[in-house]
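Here is the structure we will look at.
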């Protein structure tokens, strides 16, 4: 993907962000060498420096933006879009007491929006602003790279307004989001989860490629669009102030694009200057400040919709008073707690936010108030953190947490299995040769290792064949082109019960063991080596053989 960063248009109002969507007829000049007529932008970086002119204390009359005023809701709504906004503020009664908070703890429940998340607000606002500017016209196509919730909001609005909608989202995102998007009539394109945001394979890169190929298409670009924070400045923040009678001492919000926390915080800084703004960023993301908070070996996380590997343009980190990092285990634990103890059917990022809130609000006293933003609903995660099996497989629940009667073999170790010597291939072996080896040896998959035996990834017969049939690779290409790293590992000391949970959702697990290697410098390092590959057939054969011997 080209690294050039075209400058966003700045209209006569001096709008600091891109004032509308990126259309296929945009005015950003970027074409082929020597082609002076070409004005087609290849892409615009979602982390371009912001040129926003907002300043605390600056009169609202000097704002270059169109601002909306909340309308009184009629008894009969003209369409579902009128059910976006005006979400309830609900008191948290048990969790605050459980963690010894003295202050009042309130939840702004954004999953009561029509599409089920806080992103409904920005989706509607971006489309309305684009329509008002004359950029988005009937019959046009909306394309958006998203983790899912913005896509649902856009697809919902597009269904009502009559636009074609294409959503580009990473493979990590839940199947429930995909199902909802399809039901709303959206077209869906999936991208690799581990692709960097600036690579052609990322959800951002693929969205821009589609935009450049499809006539009359537009990327509304939640990462750069001023309508994102403006939606929260004009509506969400005003609702919070009204619901709290202007009295709140702390606001806690998880951060993705940054539009929610930026818009709300700017309004609160103006109207309630004593309120502390707390930002929540998952471990593996780089949004938090100071930079030391982001230092970790972790690069992936399960919680969806928050955190990024770049700083979105719309995120104003200067309005955040303090950052906290959150992890997956506490996120899903607190999300389940909110459901079980408060009856709030919220998603995983709400758990991240609440987990941080009970830490940050320890400094507040009686008579003070903390507001927590709960971004989306549990609807999107029915097969994820709401599932005990999924939680067990991911290691967020322990076997003893579930009081079920286990079979006799449950607590035996993986080392009890009679695993054959592993078949491994080097990344330089051709796809054609690898397929021949797997067929000859009767295997469906094999670990890919380097010359030293260090695990690089896995390759499966099915994945190679589908890649060849789709023309993604040639038979002579190295197998390193089709390896993937999203597979489950298990150790010899793990239980067969844990293996069973993995095999309920995956076709195989890679059995590994640690090796300590000493270097000439006197230092040592630990690396994982392949011990074998185990499948459901291996487990079933072991159980059947043991029961046969006992008879």
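Cβ coordinates come from backbone N, Cα and C, glycine included.
Annotated features, as they stand in Swiss-Prot:
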type	residues	note
CROSSLNK	211	SUMO cross-link
DOMAIN	418-476	domain 'CBS'
MOD_RES	27	phosphoserine
MOD_RES	119	N6-(pyridoxal phosphate)lysine
MOD_RES	199	phosphoserine
REGION	1-73	region 'Disordered'
Residue pair residue 211 (SUMO cross-link), the residue listed as 'N6-(pyridoxal phosphate)lysine' - Cα distance, angstrom, rounded: 22
Lowest local Cβ density among 119, 211, which the record lists as recorded positions, within 10 Å: 211
Neighbour count (Cβ, 10 Å) for residue 199 (phosphoserine): 14
Per DSSP, three-state class assigned to the residue listed as 'SUMO cross-link': helix
Pairwise Cα distance for residue 119 (N6-(pyridoxal phosphate)lysine)/residue 199 (phosphoserine) [Å, integer]: 25
